[in-house]
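Novice: The structure under discussion is supplied below as structure tokens; questions concerning it will follow.
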């Protein structure tokens, strides 16, 4: 019983395989895209005008030529107005069938009869759908689906951008995380049994003109970030979340809204004193950067069409001389290939390492330069004037002595003012007592009274 069932399944599988092979064996295959035109070939060995007829597989006549070079259609014009032939090619022995405005139901076998023989041509019409469409936001994905006759299996679909990017698949082709640079015309090819058909796709990706922005600044300088869009937008809202290199989490820096192309700040971190331009394109300025601000951020812009994201990076350099050591430090997202170099100007490098901090002990007097570079390209540089150690000590001693003398002078002035003020207070008290005694008329000519008054004065 089991053997009989297995045998039936095997026979059924062989029958299906033979039917599939029969579709293409001895036939010419032509591919066509829905809505476009297809040319089905039919060639004569005599290379001259001869009698020919094109038919459907059910023997219904489509068109033909039975002498005198006149094209005869097999039905009413309304039924066969999409079918035609190239009269100019007849004299060369070519009698193609042209089918315009292809439909999915046109996928079938067509028969060309000429010179007492028949030629079968298999037409496979496919339809291309784009989901969600050919106009998308940056970061979204596009799915290209190829619908075709159920007999068609595993075609190769390949789309190529003019800049060289290639995406390939079979009946389903996916393009994920699209960028603005992916916009423009794509040339696509469908290949089946070594037969090819071409179609074009114009893709429009809406978003920020740059996928990432990195600013390289020395400590104390201002940094400005601009976020231009490749399309006109009037309304939306957004925010910038920032993660400093020393922090382990993101925190909000600024939030804003866009209304009628005007930008308004909703909330901002006070410590940074961020400045946001009131008109598009979005432009953010940090008046004065420092090492503690170095890090990465994510700008989010929410529109009616969807949400856009923009990566923002800030790299900050600081060069300082402390005691007898010259230090150059960089913070922020840098490539592992970047190199930090510390040298005297117009001289060979003293220190050059793939690190974020370099130092020189007992640096020579003169102008020093710190450079952050990647390969031959210098990303940023900063300069500092180094003074000799003796000069530094003299300046320090002068500052200390000057401060000491200044303090002593100030202290003496305070004491003098206090003594003078105390003396004036005592004198005022004595005068007040004399006036009181005089007003009471207790004065007399007695010697002891005169002596008392004199002592009070």
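Backbone N, Cα and C atoms are what each Cβ position is placed from, and that goes for glycine too.
These came from Swiss-Prot, pasted as-is:
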type	residues	note
DISULFID	42-112	disulfide bond
DISULFID	159-188	disulfide bond
DISULFID	328-370	disulfide bond
DOMAIN	129-207	domain 'Ig-like C2-type 1'
DOMAIN	318-374	domain 'Ig-like C2-type 3'
CARBOHYD	187	N-linked glycosylation site
CARBOHYD	298	N-linked glycosylation site
CARBOHYD	323	N-linked glycosylation site
CARBOHYD	392	N-linked glycosylation site
LIPID	418	S-palmitoyl cysteine
LIPID	421	S-palmitoyl cysteine
MOD_RES	432	phosphoserine
MOD_RES	439	phosphoserine
SIGNAL	1-26	signal peptide
TRANSMEM	395-417	transmembrane segment
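On this model, are these features tucked inside or out on the surface, and what's nearby?
Specialist: Residue density at residue 42 (disulfide bond): 21 other Cβ atoms are found within 10 A of its Cβ, drawing on all protein chains shown.
Proximity of residue 188 (disulfide bond) to non-local residues of its own chain (separation of 6 or more, Cβ distance below 8 Å) is seen for 128, 144, 157, 158, 159, 160, 198, 199, 200, 201, given in sequence order.
Cβ environment of residue 370 (disulfide bond): 317, 319, 328, 340, 341, 342, 358, 381, 382, 383, 384 lie under 8 Å away, each six or more residues apart in the same chain. According to DSSP, residue 370 (disulfide bond) is assigned to a strand segment.
In the domain 'Ig-like C2-type 1' (129-207), helix, strand and coil residues by DSSP number 3 helix, 47 strand, 29 coil.
The average pLDDT for the domain 'Ig-like C2-type 3' (318-374) in the predicted structure is 91.
Here the Cβ of residue 298 (N-linked glycosylation site) has 14 other Cβ atoms within 10 Å, regardless of which shown protein chain they belong to. For the recorded site, residue 298 (N-linked glycosylation site), the DSSP three-state label reads strand.
In this structure, residue 323 (N-linked glycosylation site) belongs to neither helix nor strand by DSSP; it is coil. Within 10 Å of the C-beta of residue 323 (N-linked glycosylation site) there are 9 other C-beta atoms, taking all protein chains into account.
In the structure as shown, the Cβ atom of residue 418 (S-palmitoyl cysteine) sits within 10 Å of 10 other Cβ atoms.
The local packing around residue 421 (S-palmitoyl cysteine), expressed as other Cβ atoms within 10 Å of its Cβ over all shown chains, amounts to 9.
DSSP assigns residue 432 (phosphoserine) to a helical segment in the three-state reduction.
Taken residue by residue with DSSP, residue 439 (phosphoserine) is part of a helix. Of all Cβ atoms in the shown protein chains, 8 besides its own fall within 10 Å of the Cβ of residue 439 (phosphoserine).
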Novice: Around the Cβ of residue 112 (disulfide bond), how many other Cβ atoms lie within 10 Å? Please give the count over every shown protein chain.
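Specialist: A count of 24.
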Novice: Among 187, 432, the recorded positions in question, whose Cβ has the most other Cβ atoms within 10 Å in this structure?
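Specialist: Result of the Cβ crowding comparison: 187.
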Novice: Please determine which of the disulfide-bonded residues listed here (159, 328) has the lowest count of neighbouring CB atoms within 10 Å.
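Specialist: Per-residue Cβ counts within 10 Å for the disulfide-bonded residues 159, 328 bottom out at 159.
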Novice: May I ask which of the recorded positions 187, 298, 432, 439 is closest to residue 42 (disulfide bond) if we compare their C-alpha atoms?
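Specialist: So, of the listed recorded positions, the one sitting closest to residue 42 (disulfide bond) is 187.
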Novice: Could you state the CA-to-CA distance between residue 112 (disulfide bond) and residue 187 (N-linked glycosylation site) to the nearest Å?
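Specialist: For residue 112 (disulfide bond) versus residue 187 (N-linked glycosylation site), the Cα atoms are 32 Å apart.
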Novice: DSSP three-state call for residue 328 (disulfide bond): helix, strand or coil?
Specialist: strand
Novice: Would you kindly give the Cα-Cα distance separating residue 187 (N-linked glycosylation site) and residue 421 (S-palmitoyl cysteine), rounded to the nearest Å?
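Specialist: Checking the Cα atoms of residue 421 (S-palmitoyl cysteine) and residue 187 (N-linked glycosylation site) gives a distance of 97 Å.
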Novice: How many Å separate the Cα atoms of residue 439 (phosphoserine) and residue 187 (N-linked glycosylation site)?
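Specialist: It is 118 Å, counting Cα to Cα.
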